[in-house]
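Just below is one structure, and these are the notes that go with it.
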């Protein structure tokens, strides 16, 4: 997606050969016009997949997930990292390791919002080692629902997440596939 590539080139900051900072438009400050384009693109890619729900993890996946949900006309569920007093029932949950935060947390979704008849699209801001995606897949399977695909805003293709998801047979659509962050330069897979 050229608009996303351009935004990454202009405002992304390479912190190391493993870390790309995009807080100017995606995961701290949000560019609504770009999120609309991202939602449009994911909706086009998955329009014929029978999606009934979108699932993401709070917080950075919420903006692209909402815009995709708006386009597809389906609800968006975000897995919570912190248990709320309002989440009182037995939760669907999984443990996830954050590559950038170097921490492990439990994410959870209420079983009231996900059923065995749902076809779920996972939307996330980044795909690195695939741990967040695997946690969401686990939660969706606990509900007996079907994973219809994954929409990733930025994929770090040099890490193993995509290969693992591909080997499990999941459809993965990434809007920006980063080949390398070497020497402070973002190189895309075109």
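Using the three backbone atoms N, Cα and C, a Cβ is placed for every residue, glycine included.
Annotated features in Swiss-Prot:
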- 20, 27, 156: xanthine binding site (BINDING)
- 128, 129, 130, 131, 132: 5-phospho-alpha-D-ribose 1-diphosphate binding site (BINDING)
Nearest recorded site to residue 128 (5-phospho-alpha-D-ribose 1-diphosphate binding site) by CA-CA distance, among binding-site residues 20, 27, 156: 156
Least Cβ-crowded entry, counting other Cβ within 10 Å, from the binding-site residues listed as 131, 156: 131
Coarse DSSP state, helix versus strand versus coil, of residue 20 (xanthine binding site): strand
For residue 129 (5-phospho-alpha-D-ribose 1-diphosphate binding site), the number of other Cβ atoms found within 10 Å of its own Cβ: 17
Proximal residue to residue 27 (xanthine binding site) among binding-site residues 129, 130, 131, 132 (C-alpha distance): 132
Rounded distance in angstrom between the Cα atoms of residue 130 (5-phospho-alpha-D-ribose 1-diphosphate binding site) and residue 20 (xanthine binding site): 16
Secondary-structure category, per DSSP, in which residue 156 (xanthine binding site) falls: strand
Nearest of the binding-site residues (129, 131, 132) to residue 156 (xanthine binding site), judged by Cα-Cα distance: 129
Lowest local Cβ density among 20, 128, 132, which the record lists as binding-site residues, within 10 Å: 20
Rounded to the nearest Å - Cα separation of residue 131 (5-phospho-alpha-D-ribose 1-diphosphate binding site) and residue 20 (xanthine binding site): 17
Most distant Cα pair in Å, residues 20, 27, 156 binding xanthine: 16
